[in-house]
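Note sheet for the following structure.
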Amino acid sequence: MKSVGLITEYNPFHNGHLFHATLSKQRSETNVTIAIMSGNFVMRGEPAIYHKFKRTEMALSAVDLVVELPLIGSLSSSDTFAEIAIKTAQYLDIDIISFGSESASLKDLQYLATQMIDYEKHPDFKEKLKQGKSYPRILSELTHNDTLLQSPNNILGISYLKAMQQFAPHMSALTIKREGSLHHQKVIDHHHFASGTSIRRSLMNDNVDWKNVVPNQIQSLYCKPHTTVEDTFPFIKHQLITQPKESLHSIYTINEGFENRLQTMIHRSDSFESLLSNLKTKRYTQTYIQRVLMNVLLNITKDDVNKEINAVRVLGMSEKGRSYLKYLKANYPNRHYITNVNQKTAHYFKNEIKATHVYNLLSNQSQTDFNTPLVRI
């Protein structure tokens, strides 16, 4: 069976995602579509607006199999996010990765990916990182290509292509040009497509404009968001006040010395927004800070990080997805494709199980990795 993989967050699922999934199926000429989806926390450094099981149900309106991207990938920079996603795709024997980008030229993106692999070995690159320059800024300076590197989906697409060259050279790539709204546009403009940011805002404010930009057949699944990033503040404050500096230093993604800034600024902040504002500097971007704060919230340490894939958590599937899973188990009997988390399989997913427990504290949800059955359609 030939498969196409989509690396996703679906926070929440909308018409742009449906467009991407539909074109990916058509252009890849594959039998099955697989979504590798972030769980209860997403790459922007915040809890997803809906539980991963609800988002799986939404996703199955367009794909055949949904698996969870390991938490370490979700709360990392684009390169680590991409590395873990591509390694997960490889574990699933995916043939083609399809990603959205602002550029229609796969050739240009592949050329930049190859250049970047070389540049990252260069002493100048490491020196610029030490100076506190952001990753996209360094790359645009070194490659002299501002246009392609100004777009977030291009940057992520290049990270996928780099990871494929390094870890899965047999895998093919396909890019679908994004349609409609800009990535971070805050208002729905009544066109068929809108950004995830604008849809989340509409749902939070009880504004019905979101109905114009999500598929009709799954609109009954949408409701007020389960939680927001502001809900994390009391828990983060508790962690920052009670943990010794040495423990904070061991938190995943914390750069040398940032733990001092965290412990200083928490006493000057009365909300997540004010903490973020107090922490921001030229060196530390908002997204970096938010990911650090989520790792503090979840107490994910550097020792918890494993970039190798030893098992895959299956969240949901259609009949076609079920057939593909059967194919995988027959062809890779030593791999672990887990549809039911229990005491025997829980050790593969310690970080994800912890993230679900914390998400439930934030959102008053009750679906855990142990009591929630596989989503089937």
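Numbers here mean position along the shown chain, with the first residue as 1.
Note: Cβ is positioned from N, Cα and C throughout, glycine not excepted.
If you look up Swiss-Prot, you'll see 7-20, G100, N153, R178 marked as ATP binding site.
Features as recorded by Swiss-Prot, highlighted on the structure.
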residue: I7; record: ATP binding site; Cβ contacts under 8 Å, 6 or more apart: I36, L69, A82, A85, A89, I97, F99, Y160
residue: Y10; record: ATP binding site; Cβ contacts under 8 Å, 6 or more apart: H17, A35, M37, R55, M58, A59
residue: F13; record: ATP binding site; Cβ contacts under 8 Å, 6 or more apart: R55, M58, A59, S61, A62, V214, P215, I218
residue: F19; record: ATP binding site; Cβ contacts under 8 Å, 6 or more apart: I176, E179, F193
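In this structure, F19 (ATP binding site) is part of a helix by DSSP. Y10 (ATP binding site) falls outside any helix or strand according to DSSP and counts as coil.
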